[in-house]
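Asker: Here it is, the structure in full.
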Amino acid sequence: MVTSVEGGGNGGVKRRTCGCTKNDFLPEESFQNWGNYIRALSSTKERIKDRIFTRSSDHLELHEMRERSQHEMKKNLNWWDLMWFGVGSIMGAGIFVLTGEAARNNAGPAVVLSYLISGIAALLSVLCYTEFAVELPVAGGSFAYLRVELGDFVAYIAAGNILFEYIVSGASVARSWTSYFATLCNHSPNDFRINVSSLSDDFGHLDPIAVAVSIIICIGAALSIKGSSRFNSIASIIHVGVMIFIFIAGMTQADSANYTPFLPYEFRGVLKASAVLFFAYIGFDGVATLAEEVKNPGKDIPIGLIGSMLIAITGYCALAVTLCLMQPYKLIDVDAPFSVAFQSAGMKWAKYIVAFGALKSMTTVLLANLIGQARYFTHIGRTHMAPPFLAAINQRTGTPINATVIMTVANCLVGFFTSLDVLANLLSISTLFIFSLVALALLVRRYYESGETSSSDRNKVVAFLVLIVGSAISTSVYWAVSDGWIGYAATVPVWFLSTLGLQIMVKAAKNPKIWGAPFLPWLPSASIAMNVFIMGSIDAPSFLRFGMWTLILLIYYLLVGLHASYDAARMQAVPA
């Protein structure tokens, strides 16, 4: 590694120019020898209690944590950069695939309502993220927000899950890149892959193009955030241009008769489709990790994040309407809806423009995905929950090169071997879980301040939050197991009255200094309710994977992360 970071007094660092030693990975006192490690393990109970109940602070995240990276990230980004990073990360190839499946099998022409509902749910999460990103403009994104409001342990579990989702998503998009490139070349995707018969079919089609594309993007992301932003802006603008072409060309083939019946699967089908389509909007959380590199967080972050989401909602709804006007919903192709629709209309040449647009969008998704991954990992390294050499910021480029390279290696390993079917099955509840936690953290931030909030108000906050989350979970479970409505007559009023109680019975403990989410506590409470509700439509294997991966995270935390972060926090508290 070119640069590494080691814990020291007051979170100081030692500088290394090259090489990689044990202290790059485990410099903490607990890992200096076996005796220290055994003593650390014997103190696990006390240490985990300390980490669960100890919250970070705005000042710690904004200053001491950032100092552990040795060098500063360069503040080169403005609202324009953030907006197009948001568009690039959100508007991926999902529109070219998910729309067909949702329209044909779940919602029919009413798929536009599904996009609108899922877009509103995503927008609520964006507003919660925006307040945190303005108040805490650091690279850690949701990891830093949760450390401040819900503590180290919750932040670690959340960050571990979202990093895994980033890896799965990055690998999946990289393999899809190969598929769409093959379409442009009039070839089958497997023509560009290496078939290894000794491996199973799910892992035997090796994809060198996916690896090559990931490495090229890694080089660009590591060299310059401003250069990456310029490329992303140009590519995203081209992508929006392709979507405008699809809308205009598709509307020339529109037939209003295809919009009848509008609700063939009734409203329950619309809601089922919205759960699937919600994943077309994820990616904005990675943009929040760029806050440390923004020139004017108070102005640039709200415009960039909210603007990109509004563009995405508008684009998705417009294309959903176009597709359903071009073809009867029963004839929409699930795998390539727009390409087949144009082909059926006698515009076969348009499929190449669709494929080109998908290729552009996947490139920007890969770029935004990797940039977000690296910055998450950088801040986790600052806390020593991950090896601290990942926290290093390169002095010349102002980017986290170590974290960028490590995450690229992980993406390449998964993408090289694993088929799209296997990767698709790994989509999980992790993203919705973290969105819900961020909304919960925002309520804690506004209504609880240690040393300021009275014991009576603290107890009310806890009680109301338990009722809000509990009613949301009950509503989601009832949705998953029943077609009736009686259960909602109990769960929805509990959610409503709990939110109302929080508003009128608890005094606000903190107001945002620069920019705040509106309609507190209703907005974050609604975000929790909608995110948890969508979880009720996710399949059981995803919950099983979530549980298994969380168990692995817990094992690592108990054996390594807990003791490393405990030592780092103790060193931070001891004067040099």
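Glycine residues also receive a Cβ, built from the backbone N, Cα and C atoms like all the rest.
Unlike curated records, TrEMBL annotations are generated automatically.
TrEMBL lists these features:
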- 77-98: transmembrane segment (TRANSMEM)
- 110-132: transmembrane segment (TRANSMEM)
- 208-225: transmembrane segment (TRANSMEM)
- 232-250: transmembrane segment (TRANSMEM)
- 303-329: transmembrane segment (TRANSMEM)
- 349-372: transmembrane segment (TRANSMEM)
- 401-420: transmembrane segment (TRANSMEM)
- 426-448: transmembrane segment (TRANSMEM)
- 460-479: transmembrane segment (TRANSMEM)
- 485-502: transmembrane segment (TRANSMEM)
- 514-534: transmembrane segment (TRANSMEM)
- 515-565: domain 'Cationic amino acid transporter C-terminal' (DOMAIN)
- 546-566: transmembrane segment (TRANSMEM)
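A description of the local structural setting of each listed feature is requested, covering burial, neighbours and distances.
Answerer: Sequence-distant contacts of the transmembrane segment (208-225), counting only residues of its own chain at least 6 positions beyond either end whose CB sits under 8 Å from a CB of the stretch, comprise 73-74, 76-77, 170-171, 174-175, 177-178, 181, 192-194, 231, 290, 293, 363, 366-367, 370-371, 374, 394, 397-399, 401, 404-405, 408, 411-412, 415-416.
Long-range neighbours of the transmembrane segment (349-372) within the same chain, counting only residues 6 or more positions beyond its ends whose Cβ lies under 8 Å from a Cβ of the stretch, are 85, 87-89, 91-93, 95-96, 141, 166, 169-170, 173-174, 176-177, 180-181, 183-184, 213-214, 217-218, 220-221, 225, 228, 231-232, 235-236, 238-239, 242-243, 245-246, 249, 283, 285-287, 289-290, 336, 338-339, 342-343, 404, 407-408, 411.
Listed by sequence, the residues of this chain that lie at least six past the ends of the transmembrane segment (426-448) yet keep a Cβ under 8 A from its Cβ atoms are 124-125, 128-129, 131-132, 142, 145-146, 148-150, 154, 158, 161-162, 164-165, 168, 278-279, 282, 285, 457-458, 461, 465, 468-469, 472, 502, 506, 508-511, 517, 520-521, 524-525, 527-528, 531-532, 534-535, 538, 542-543, 545-546, 549.
Remote same-chain residues near the transmembrane segment (485-502) are listed as 443, 447, 460-461, 464-465, 467-468, 470-472, 474-475, 478, 521-522, 525, 529 (criterion: CB distance under 8 Å, separation of at least six residues from the stretch ends).
Secondary structure of the domain 'Cationic amino acid transporter C-terminal' (515-565) per DSSP, as helix, strand and coil residue counts: 40 helix, 0 strand, 11 coil.
Long-range Cβ contacts of the transmembrane segment (546-566) within its own chain (Cβ-Cβ under 8 Å, at least 6 residues beyond either end) map to 26, 28, 30-31, 37, 40-41, 44, 47-48, 50-51, 152-153, 156-157, 160-161, 164, 383-386, 428-430, 433.
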Asker: Output the single range from 110-132, 232-250, 303-329, 401-420, 460-479 maximising the number of Cβ pairs under 8 Å to the transmembrane segment (514-534).
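Answerer: Top-ranked stretch among 110-132, 232-250, 303-329, 401-420, 460-479: 110-132.
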Asker: Any chance you could find the range in 77-98, 110-132, 303-329, 401-420, 460-479 with the most Cβ pairs under 8 Å to the transmembrane segment (232-250)?
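Answerer: Against the transmembrane segment (232-250), the leading stretch is 77-98.
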Asker: Report, as numbers and ranges, every residue of the chain located at least six residues beyond the transmembrane segment (77-98) whose Cβ falls under 8 Å of a Cβ in that stretch; write 'none' if there are none.
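Answerer: Here the qualifying positions are 173, 176, 180, 225-226, 229, 232-233, 235-237, 239-240, 243, 276-277, 279-284, 286-287, 290, 293-296, 299-301, 303-305, 307-309, 311-312, 315-316, 319, 335-338, 354, 357-358, 361-362, 364-365, 367-369, 371-372.
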Asker: Mean pLDDT for the domain 'Cationic amino acid transporter C-terminal' (515-565), as a whole number?
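Answerer: Mean pLDDT across the domain 'Cationic amino acid transporter C-terminal' (515-565) comes out at 89.
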